[in-house]
Every structure is written in C-alpha cells, then in structure tokens.
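Step one of this worksheet: look at the structure below.
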Amino acid sequence: MAADRNTGHTEEDKLDVLKSTQTVIHKALEKLGYPEEVYELLKEPMRLLTVKIPVRMDDGSVKIFTGYRAQHNDSVGPTKGGIRFHPNVTEKEVKAVKALSIWMSLKCGIIDLPYGGGKGGIVCDPRDMSFRELERLSRGYVRAISQIVGPTKDVPAPDVFTNSQIMAWMMDEYSRIDEFNSPGFITGKPLVLGGSHGRESATAKGVTICIKEAAKKRGIDIKGARVVVQGFGNAGSYLAKFMHDAGAKVVGISDAYGGLYDPEGLDIDYLLDRRDSFGTVTKLFNDTITNQELLELDCDILVPAAIENQITEENAHNIRAKIVVEAANGPTTLEGTKILSDRDILLVPDVLASAGGVTVSYFEWVQNNQGFYWSEEEVEEKLEKMMVKSFNNIYEMANNRRIDMRLAAYMVGVRKMAEASRFRGWI
C-alpha cells in the first residue's frame, strides 16, 4: 500500500487508532520540550495481560474465553478504565485496547485525576449468552486478573456491553478473593453496592458541558441550536435527551442501521421509549438516511458518539457543522482533524469531551474510600466545575499556541505523566 508523501503514512496507518494516538503524543511531547525517552515510555501500555477463562456453559460444556487487561502508566496513581465484552479479537482490536488505555491516561491528566489509564475486556458476544453464563464469565475474568487489579492498583469500570450488574458480580468475586468487602475495586456499580449518583449518564453530562462551553465561545445560543448526534447508545441517547431538555433542536440521530432526520427537530422522548437495549431505533422507520449523510447534515453542533474513524479526509470537507464535539473515542482521524481546523470548525477532542465518565468514576472511588456519599446535585456540581475548568484551560492553550484543541489536550494530558515519571526517577 502506497504511503502519503507528506506523512509517510499508508491509508491503513491513517485509520490505525494506536498509530494516530502515538503521532499526537510524540508531537505534544516535542512541543513541551521532553526528550525522546519520554515518548518511548508513554507510547504503549507498560503492561498487557492476556488470560484464558474456562466457563461451564448451561448445556454442560466448557468454553474457553480470552480476556485481556492493558495498563498504560501508573506514575500518577492506580490505572483506571473500562472492561468491554467484544465478540471479535484481532490485531486491530488489541491495538484499539492499547490506544484506549492511553486515552484514559490522557483523560485523567486533562481532568487532573490521580490515575493512569487502563482498559480491558473479554472476547465474547453477550447477546448469545445466558444471565448465569455471563455471571460465571465475569467472575472467572476477575479471578484471572486479580493479581494486577485492586483499589490501589487498577480500578475497572463498565464499557461496551457491560453494565452495573456485571460490575456487581466482579466486585463480589474480588471481595471473596481479597477476603474483605472492596467496593473501591471497581466503579459503575449499583447504588446499593456503593455506586455513585450520576454515573450512568456521566459521559453524556460531560459532553453536554463541553457543548455548552464551545457554543459560548462561538456565540451560539443552545436554545434553538441544531444538533446532530451519531450513535444512540448510552452516551448518544442521554446526550440527545440533555440537548433536547436544554432547548436545542435535535435534528438528526443514528444507530448502526441508519439515521433519522427532521429539520424541525426529532421527538427524542418518543425515540427513547422505542429504542432497544442495544440502542437501536431506526429499524422501526422506513424513511431513513445513511450514517454518512447524517454526518454531513447542515447543523450547528455535530456529536459523533458511535465508533472510531467516522470523520476522515474523505468527508471532512463536507462537514457543515460549526462545532464538532467527540463523544466517541477516536471518531476523527488526524487528517480529518486538520481539515476541520483549516475550515475553522471548532473540534472538541474525545480525551476532553468524553472525560465525564472517568470523572464520576473517580467520585465513586473517593466515596467508597471515605464511606460518605454525595447527592446527585453534588456530583453534577463537582463534575461541571472540573469539566469547565479543563475545557477553558485547553481552549486557552490552543488559542495562545495557535494549535488545535486535540494537540492542546494531549499536551496537558502527557505533561502530568511525564512530570510524575521524572520525579519518580524513571526518566
């Protein structure tokens, strides 16, 4: 495959989320004046554990599942990040897990949380498994990784196809191994087991805060603003609801099967009532558009909240939004980012916009550690304060240095890890 003359990257490289992440980290460290060895330390996770998990299935057979856990950097504190149940494992998926653990480190640095990044999961399709099979699998995974996780080592959380029930099973299994009730081992738990108010909607809350701040910078009134949301899963559906309730006009939404568009605004409450547990709603309608058409709709604010590599050099010239806020991980390629920046479209990067989830997970961990719990209003107030501060810090750095917000965010995120590593004597 031919390489791009300007970057040396092949087309495949451009869609490789790990290589893209490493490229921006390298550039951020160069701008901050750090030597090459800092990049060598931070460019990949410090640990990637792969485990085999035997599970007795309901029919009596034993199936062997593969699990993994990546820990990027623990110079600042315990690593932190989600556990996903994903049906496919390929070299590309392992690269994605590495990149996700790095993004978690960046998010924690940006919000100033005492964590590094982690990420993990199990190769399975939960849609084909019974309730009890999922429980046995969840407990088996915890037994397999128990030596490298814990409240002061690595604190997991929910991710793709995992939820508060799975977190509860995992917490219970770890507590049995630890011989001590350990709610701080994992976050995203049910409230009755030490979960935090606001955790389920935290990612969307954080994105909403960033949208409002970005709209202020560009002089856009949220009331009546035209919003398009790609993705109608947890983050996308909550976000559409929050935007609708704030007075915005949500003119487009989509799921994996297509999109819906109404220039007068969609009935979000109606759609929420009819979506299934996997965030699917468009199959109920005949008059749909493609995800590609949805991204290119005329709107004020576009929120990619689905999967990576959605805005690329192929379609970035066609984006008509004034602001793009990344609720998903890695939805815009580096080439797409440059095109949007050149066109003066404000892009709020994923490592900032989607940091609400890990921030409220941190709140849950703090509440577990101190045994004192906050109201939903207190959680939302603390989240808004931290997100607004981080947004303004990055926006000002981007303006002062004449760089895009993604590079500015990476500079803030890597600096904390680099300094912690330096003081520890690692570099």
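Backbone N, Cα and C atoms are what each Cβ position is placed from, and that goes for glycine too.
Between the candidates Lys80, Lys385, Lys389, Swiss-Prot assigns the substrate site shared with Lys107, Ser361 to Lys80. Here nothing among the recorded positions Asp159, Thr203, Asn234 falls inside 10 Å of the CA of Lys80 (substrate binding site).
Geometry remark: Thr203 (NAD(+) binding site) versus Lys119 (active site, proton donor), CA distance 16 Å.
With Lys80, Lys107, Ser361 listed as the residues that bind substrate, the site has a largest C-alpha separation of 12 Å. Lys107 (substrate binding site) and Asp159 (site 'Important for catalysis') are 15 Å apart (CA-CA, integer value). Under the three-state DSSP scheme, Thr203 (NAD(+) binding site) falls in the helix class.
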